[in-house]
Structures are given as C-alpha cells and as structure tokens.
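Okay, so here's the structure we're looking at.
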Amino acid sequence: QVLLVFAEEDEQSNGFRWACDKAGFRCHIARTPQSALECFLDKHHDIIIIDHRHSRYFDAEALCRSIRTTKASENTVIICVVQRHTDREESSILPLISAGFTRRYIENSSRMACYNELIQLEFGQVQAQFKLRACNSLFTALEKSQEAIEITSEDHVIQYVNPAFETMMGYQIGELIEKELTEVPINEKKADFLDTINSCIKIGKEWQGMYYAKKKNGDSIQQNVKILPVIGQGGKIRHYVSISRLCNDNNKVEKTCECIQAESQTDTQTCRHKDMRKGSLDVRSTTSRGSDGSSQRRRSSMARVHSMTIEAPITKVINIINAAQESSPMPVAEALDRALEILRTTELYSPQLGTKDEDPHTSDLVGGLMTDGLRRLSGNEYILSAKQTHQVAGSLSSPISLNDIPPRITQAMENEEQWDFDIFELEAATHKRPLVYLGLKIFARFGICEFLNCSESTLRSWLQVIEANYHSSNSYHNSTHSADVLHATAYFLSKERVKQTLDPIDEVAALIAATVHDVDHPGRTNSFLCNAGSELAILYNDTAVLESHHAALAFQLTTRDGKCNIFKNMERNEYRTLRQVIIDMVLATEMTKHFEHVNKFVNSINKPLAALEENGNNGDGESIKTVLRSPENRILIKRMLIKCADISNPCRPREQCIEWAGRISEEYFAQTDEERRQGLPVVMPVFDRNTCSIPKSQLSFIDYFIIDMFDAWDAFADLPNLMEHLNNNIKYWKGLDGRNLRVLRPPP
C-alpha cells in the first residue's frame, strides 16, 4: 500500500498515482498532515511519499517525524520528493535522514520514472522491511519459549537472553547485555570448557552436552546445552545461539536430552503419591472404628459447626427465624417456613420469570445475558478471546492537544455536558475515534490529570491505546459505546446527590472504569464464549468472563508502557484503592448480578432515604449523610452509576435510542448466525435476523431490566429528562409492535 501526501494535485502526484495503478499497488492520497496521520494509522502503508517541494503548505520533515514516533511506522519506507535545482550546489540529505526519511526522490513527473522508483522500492527497501517485520514473530517465539535461549556475537558478547534464561539463571537482562561470557559466572570450568566448545563451533559445527552452571545467587545447576554457530555476512560465523534446559537427575543417564524446566518431575510425583498414601491410611484408620465411632465423629463435627464464632449474615438470619418459630402461632410458623425455604436458595436476588416466561424475547434475553451458557462436551472450541497481541502505546501516534482539536470535532462536543449530546455526530466527525477526543475533554473538566499527577500527553496516549483495543468491527461493543458510557458517567457524576456522596478518587475511578469497561470486547456474550470453550472462558472459569478480561487487560495495557501509564506517579496505597474501585465497577457491569445490585441499592439507599423524608427528616443533613457516606453504600452507588450508564440507551433521545437498538440487534444476529455455523447451542434463538421483532425485543429488555433500575436511580439522582425519554421510547416501540412491525422504523 502506498500513501501519497501532496497538498495539491499536480503532475508529480498524478505520476505516482499512475505508477501505483500500473504496479498494482493500493494507493491513498492525503492533503494535510492530520489526514495523512489518520490514514496511515488506519491502513499501515508500506510506502509513504511526502511532497517536500512547497514548505508553504506543510512541514514535510515535521510530518515525517510524527509518523516515525508511531510503532506502526517501524517498517515503513518514507520517500521525500524534493525540487530539482540545476543552478545550485547539491544539498546534503542528512537533515532528511535525521527526520526519518528513507530516501530522496528528485522531482520528475515522468510516469515511467515514478513507476521505476516504486518497483525499485518494492524489490529493495520494502522487501527488506518485510523480512524485518517477520523478526517480530521470531522474537515472540523466543520470548515465549520454555527453553533458556542466549544469543552472543562472534566475540562471545551477550546480545540477547529470553525470559526463560532470566528465570533459570536469576539474572535480569540488563545485567547481561553487552557483557562478555567470561565476565558472567555461568560455567564453573568456563576457561577449559569454552576452549573445548570453541574448537567445535569455530569450524561451524553445533556443540551439545551437559555442564554445571552457576546461578547469580551461587547455586549450581546442571544444564543440557546446545550451542549453534550462525553463519552471516562474508560466510563467517557472526553469532552463537545457546539453548539450555535444566536436567532431570533421574533420567540424565538414559535420556540426556529429555530435560524439564524445574525440579525433577519424577521426584515430585513420587512425593505426591507418598503423601496421598499416608492420607489414605489415616482415613482408613479413622473410619474403621465401626458405626459407633463414625456417628460419634459426625456428632462432634456438627457440634463444632454450631459453635462456630464466625457466622455469615444469612446464617444469623436463619437462626433468628428458627428461634422465632418456636413461640409463634401456626400460621406465622408456616409463613416463616416459606421464608426459610426462599432464604436457603442460592439465587436470592434473581427474580423468577413467572408469567413473563411466556415471552420468548424476555426468556432469551435473560438466558443470554444472565447465564454462563450451556456446557458442551463436543470439544468445539472458539478461539477468539485472549488475543496474543494488543495495541500498545508505542504503536500509536500521539493525538493532537485538546487546544488543537479540529473545528468540526470541537463543534460536535459543544454540548457534551447535556444529556441530549449526540455521540453519533462525534463518531462521524472523528472517523470512529470518539473516545480519545471526548475522553480528553471530560477528563480535563474533572481534573483527572491533576489528581493522577500525570501529563496531558500521557493521558492522550492512554486514551488512544484503550480506544485502539476496542474492536471497530463490532456493531455495538466498540469505542463509540465506550464513549457513550463515559458521557453518561460524567453526566451522572455532575448530579448534586451524586456529588454529595462520592469523593474525588471515586469520580476518577468511575470515569476510568467507564472508559475501559468493554475494552477488547469480541462482540459475543459470555454465554457464547462458555459454550464455545473459548480461551477466555477457560481462563476465568466461565465466571464473569468478559468483565474480568476487560478489567485485567485495561491494567495490562496501562502499566506495561510508561508513555501511557497514567498511574505511574501515584502513591502506592492510593493506587491500590483506585485500582480496587475500578475493578469493582467494571465487574458490576456483568448482567448475572443485575438484580442483586439493583435490590441492594433499593433496600440500602432508596428506602432509608424515603423513610427519612416521610419522617420529616428531609432537612436533616447528618441523617442523610450517614446513609450516603457509609463505605458499603458508596460501593452500591458506584455500581449502580456505571450499570445505568452502561445500558442507558433506552433513556436517550429517540433517534439515538433507535440507532443503538439497531446496533445491538445486529451484534446478536451475528452471534446467532455464528452459533448455527459452528453447531453451538443457540443462546438467544429469538435473535434470528429473518424473524426477530426488534420492537418486541426492546420492550422486553426495557420491561425486565430498565424500568425498575432507572426508577430507583431517578429517585436517587433526580433525572426527569431521562425518564421522559424512556417513556417516549416505550410508546414508540409499542406503536411499532402494535402495527406488527418488526423493524426499527415505520415504513415511509
């Protein structure tokens, strides 16, 4: 792919366009540095040709430097087109090289000259860059290898060691690089041994054998080592590759190469079997005392259970009810029996469907969003999940400053403090990158950089890394959804009751949690991943699979690179508190705990506040503060806040509500299609793109999940405009459903 950066169309740019067509290269044209950066980050071109002839349009060298700051440009060939001067002495190309250009092209608009230039680049620098690009895969293999690998120069200077080598020998890579082998106490007999090894590998043969090596802490370990000479330029040995594994002492005579990474597996297993046999003997001797001894032991165990000093709250409640039953009349005792039966169930907060189970839309939504899926024994595995690579800070360019945001984007964000703010207008203005720009503005408004003690450039890099790890191919769970939830979160944080309740660290945690809450979402539900046996479902034991992944990946992406680590200047205890709140809020977006969170909020916050108002204590600030500011209740409020922000689509203005409904429906349709293709259980059969009624599905979702939750949140935060939108949207969907329409909008 070729990117042409020319401010204006002329013979030179047309010549390169013609040459691209003739060579069969995909060609894109950018007129400004900003559009060039955006296009490059989207397409990752192999060749970029920048016009350096007219400095009045843009600074070509500055643009080249900007591109070179991105990780994506590491293997990109960048050409500088310069003016042809016949009356001037040849100028130095060093400034161009230092700016990051690969080579210079003196203007020549001849189509054939342009074509020849591209062909030479393809078979020269571009082909060489392809080989370099492949090295990333090779180094990834080395980094993940369980064998300890060391690469040295022809002079035995250490140039690379992998993590397995660091673990085996106890050294950090920085302690070894650029050191000669003789400087590191790796071999106990290194002088004699190296002579023996050198005599073999100097003639181009590999050497394999065992020797004792000394770790950094002085411990001696036996290794099976293979050393291979690597022939390079001039047919000479340029590197040596050493591959080591710890030896298994039990097998070293019979199988010298069959080594393992840690202690002797045979010894470990033998010890384990001995321990198991001891346990078995003890169990038999304990239980072979006859029935009297056995029953006596059971009675003793029950006595210990009843005398336990640590009781769960539910156990205390059951004990209180049991005690009350003994002195209660028969009708009360029977009622308490029914209460005990309910309390002893595991699902205390999830309501049973009752009459609603006749509605397939409701039952499918509940089954799809609130269960972990049906287990399959067929061995089908769905490999989307834990991706091996994610976008990191070094692979992205820094977005422009908040003060330099393009006018169209600035205009799209003018009313971002209002609930009716249009996120789709911002999505269009930013070419599907709304999170970076909206995040910059909202985080600045809340003073996040000041709280975290981080620079705006670090925040910009972090927002860009997070946005890059949302899947733009998802119709719903993409960075626009994240930006929408961030906007709703900021709006709720500005409400007076919420401001009374939360501390600054809570506000920071809420905005960060909203930003990352669906990062790397694959566009499939938890039930789908569990049914498919995905790597993520296995990693997280089929429990809160996606939410756990979002939280974990967010911190991995943030802390692995200082350029985007917004937490790097925080005090340790404050960071741990912030991290805990962020994780708790992200996990709260999991729908299996939906009714638990809502019911706890109602019982612990709504009802006590209502009771204070009924008793005439509305003006009693201390009583209200006690309810709002208790640590347990603040947790419930933060969970409720992000839950409402996450699924607030039915409370948005009608056109936004309709757009979101279409996007989530498409994502569910795609999941159903894939389940049928792969022979997996269809989690939500009603979401068949050929038969589904979108109005019915929206009404079911609103009726089952939205109304009660937003009634409770409105009672707390006072949100009349949201409730008005919700009522209008319910009427809209009912109107379509009443006409038996299955689509998003009525026909014209």
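Don't overthink the numbers, they just go from 1 along the chain as shown.
From the backbone N, Cα and C atoms, a Cβ is placed for every residue, glycine too.
Feature list (source: TrEMBL):
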DOMAIN    134-204  domain 'PAS'
REGION    264-305  region 'Disordered'
COMPBIAS  270-281  compositional bias 'Basic and acidic residues'
COMPBIAS  284-294  compositional bias 'Low complexity'
DOMAIN    401-740  domain 'PDEase'
BINDING   HIS477, ASN478, SER479, THR480, HIS481, ASP518, ASP646, GLN698  AMP binding site
BINDING   HIS481, HIS517, ASP518, ASP646  Zn(2+) 1 binding site
- In Å, how long is the longest CA to CA span across HIS477, ASN478, SER479, THR480, HIS481, ASP518, ASP646, GLN698, which the record gives as the AMP binders? 22
- Message: Roughly how many Å lie between the Cα atoms of THR480 (AMP binding site) and HIS517 (Zn(2+) 1 binding site), rounded to a whole value?
- Response: 12
- Message: Using a Cβ cut-off under 8 Å and a sequence separation of 6 or more, which residues in the same chain sit near ASP518 (AMP binding site)?
- Response: TYR470, HIS477, HIS481, SER482, VAL485, LEU546, HIS550, THR589
- Sequence-ordered binding-site residues within 10 Å (Cα) of HIS517 (Zn(2+) 1 binding site), taken from ASN478, ASP646, GLN698, are ASP646
- Item | Mean per-residue pLDDT computed across the domain 'PAS' (134-204) | 76
- Task: Using the structure shown, find which entry in ASN478, SER479, THR480, GLN698 (the binding-site residues) has the sparsest Cβ neighbourhood within 10 Å.
- Result: ASN478
- Close in space, distant in sequence - ASP646 (AMP binding site), Cβ under 8 Å, 6 or more apart: VAL485, HIS517, THR589
- Task: Note down the number of other Cβ atoms within 10 Å of the Cβ of HIS481 (AMP binding site), including every protein chain shown.
- Result: 24
